[in-house]
């Protein structure tokens, strides 16, 4: 397998342009990830000889749009080419969500009391004064900052002030901030390649002889993103450069807002309503037959990711939508999403890429495999289970996936009803799964134009060797590295 084909296909992503539009958080039909059901790799043990082996800690808070998680990481003074071997010592899922404090910023810090208290119990008291507390806010706070930068700063200041005044950790205002998409993607890339043991293994070799790294691709609710190592002299408009375990790496990383599943689903329904000339009923080919619903106008039009112009006489409170249950037409409508801009105007370029670079083959990516996470993993696995294992996940059988998706989308009302009866708590998942699986298919096979042979070597998973992949681990690795030189 020539993995350069994967790199060539994926690298085209980094010549597009991304939106900085704020994203809504109150969409009532968003579906959280559902997973249906039927150890970290050992790093290089070679290290610098030290007479005294000391422990070091760092606390990292992931402040997302729907969750706040706190992690405690540890490493010792035994390092591999200047980088510590980081282990996770503790994790807590916290209830407060920072972006929810936009109307009361001063309450944000005190709300994290129990969260930070957990870290103080995990880090030995003798080490707390020398332990940094880091917080990276992602999508939710990016929305707040887009709408009101002063409010976003006040929320972060509240957290920093509270932590400084009530806990012994080292807290710098510069370390309590909104994480850039480049750093978020770069930290995730570090985590993947650290868990795989590639970064540690490369410490043994010269740059020309080191092992190839893995790239990552992910589909979330609001965005889709990629991170992939590129050659040092290869130009990309958005990159993350770092020196860890004795080597310098350049990672092209890109995030496309409004192309996550939930926002695409919102725009998809707006497209359906418009294509029906705002008349009812609106037939949704991705929805099972017999499962009708109503969609509110204000949830689907004049939104940041669905900014569709509508004449006044077409505006109404809600539209009736009926299921069509047609796999072929569903695919055609999802394809149409990528032929439209965010305001549903015709566009010949996916992601509003003005250079249409998706039509070109770009070289410069380092050879290697890719990890597909988020919706890519969940929807592929769930479809596999729902189709009674009719296709292989590893290696990935793209043709089998397409056939299973089409079959699921064509299920009769009675067949879908049987599924819902068996798992009534998953009703919304079953009703929407046709769209979700179709979106993944179109994104990979049409928009990214990854052929079936290349797809066989992309691994779809939610973790590596049993360890969940998260950007917080990447930031910890940076903290455990002497002169990481992140740019």
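Cβ coordinates are placed from backbone N, Cα and C, and glycine is handled just like the others.
Automatic prediction, not curation, is the source of TrEMBL annotations.
Keep in mind that this is a model prediction, so the values were computed, not measured.
According to TrEMBL, the protein has these features:
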type	residues	note
SIGNAL	1-20	signal peptide
ACT_SITE	184	active site, proton acceptor
BINDING	221, 222, 223, 224, 225	ATP binding site
Relative to the mean position of the Cβ atoms of 221, 222, 223, 224, 225, the recorded ATP site, which additional same-chain residues have Cβ within 8 Å? 139, 218, 219, 220, 255, 256, 257, 258, 259, 260, 263, 374
Densest Cβ neighbourhood among 223, 224, 225 (binding-site residues), 10 Å radius: 224
For the residue listed as 'active site, proton acceptor', the spatially nearest of the binding-site residues 221, 222, 223, 225, using Cα atoms, is 225
What is the Cβ neighbour count of residue 221 (ATP binding site) at a 10 Å cut-off, with all protein chains included? 22
Using DSSP and collapsing to three states, where does residue 225 (ATP binding site) fall: helix, strand or coil? strand
Mind giving me a neighbour count for residue 222 (ATP binding site)? Other Cβ atoms within 10 Å of its Cβ, every protein chain shown. 28
